[in-house]
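What follows is a single structure, written as structure tokens, with notes after it.
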């Protein structure tokens, strides 16, 4: 038996066998009680549960929340054995197995302490009761520990889930902030690129302007030098002429001149008149003979002449005296020219009357005046129109200026025309219209401004007889042969052309024009020729603050909006022929569209009309649709290829002007929404034009500046990233 080793007691088998069974049971119960007491004792907890170290987390028990019973409870219950099992385990732990052959080498323990009488263990029944009590207490303590741990684990799980949610929220916020930051950076880069491009364009324009100014300055300096040189030369020439005239005036009195001749003879002999004796000396008195002037010497050899009497001096005198002798002839010439001019004025007056009286509608008709002899007013059937005109001709232009004769004659024709209209006698109206049209063609600017007050109303009333039924699609046959709307429109157009030279006259013309007449003529139910003349007529109504008819009771904004709506319809649709379901011929339609685009282009000269076109809800969308449709026809290479190319050029230039000048007033997406696929058509047609080649066959008719205009509009409507994508799509093989 070994002794003590480092304060530890070792016991042999005999000592252990001598121990009573009660002592072993008591030791076992005490060991269990001490163990349970240590397990019940818990460390102080914080607000967030127990503080676990890394080692504690390694031994932590995971609770399955999906199960109704914690997974740790059965395990803990299994770890609390009964008394018999505990006793057997204690014996095995203490003594080992019975067949262990190394019992002699096991560690020795000190003998158990001795107990006095008062500390002796109770009898066996009492020990068994205490064992049961201790066992129940241990189970309760273990259950409370499990519940406490479960609550702590649940709190930790909830805290973990909350932290996860908070982490996800923070991550989402970070992602949103990052995306916004990237978007802001891209937007800033795009704006900077646009600003750089604008600055580069502005700098290029300024450089071009500066270079042009330098060239202009250089040209002006060169021209100024030339003018100075010319002025100096001219001044020198004037001074030289003045000096020459002064010298001539100074030398004038000293010049010896030949005396004027008293009589002129047909025979010149080189002698002066006083040297020739008219009468014989024998027939005069001696005193008179003595006083006579001595003539030439009797002998030619003795005749002497002074130097001043040389022929050279006489020639100079003749040259000086010639202008004074021509003065009466100049007066006579001026008088003759005045007489001839007055006679010519009379001839012009009678030429106009003679031309009008000789007028014919065509070679198959009689003279118009003879045709008018067959007609008379229903109120005066015995007085023909021919007699009325011939009776009034002698009174025309009497005591008036010669230019009033054509005006009075045309006023006479208009008055008879108006009388026929009032009495509903339409048969001879075409004769008066043809004569007036011919007179306006002869003297447009002389006649038109003075007859529009009576001509414009009666012409519109006459055209109404055909225009209104056509507008309402009514069949008309009664006046078809007597009234020609095309001639009426031609007369109105000639009158407008004659008034364009004076703003006052053309403004008065459009004040006389009816607004409803314009709208009816712009209907697709009218004839194509009448529609085109109305477009030409509207081109003369473009003023700074108005367009079309000028009326106080009709607002200009509403009027121009309706007019634009009428004639821009043909840009978007292919209308039907009047009184038919057949569509317009494409060649005719192209001609009409070109005239409409020309009218819209002329309207851009007026600030009022140009703004009205830009803010109109339909015009820009219809222009984009027109460009897209014509591009499709252009690439299909239809027979009207040249017309399509011209339409595209005119439409793109017009659209570029409207978009760049009124960019702050135009909502492009709203304008494009009025046509199907407007945004796609806008992007596609601008892209096709921007990347078109000038040297190709299909794009040969498009203007050189159209591609640049399309590129600028494309840059305004898309971002740089979209622009790169479009460029790659059109430039990739």
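Numbers here mean position along the shown chain, with the first residue as 1.
Cβ coordinates are placed from backbone N, Cα and C, and glycine is handled just like the others.
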Candidate ranges 282-310, 311-339, 340-368; TrEMBL annotation region 'Disordered' resolves to 282-310
Of the residue ranges 63-82, 83-102, 103-122, which one carries the region 'Disordered' annotation in TrEMBL? 103-122
What counts of helix, strand and coil residues does DSSP assign across the domain 'Rad26-like C-terminal' (666-730)? 41 helix, 0 strand, 24 coil
Restricting to the domain 'Rad26-like C-terminal' (666-730), what is the model's mean pLDDT? 81
Over the span of the domain 'Rad26-like N-terminal' (352-400), count residues by DSSP class, listing helix, strand and coil in order. 22 helix, 4 strand, 23 coil
Could you break down the residues of the compositional bias 'Basic and acidic residues' (235-252) into DSSP helix, strand and coil, giving a count for each? 17 helix, 0 strand, 1 coil
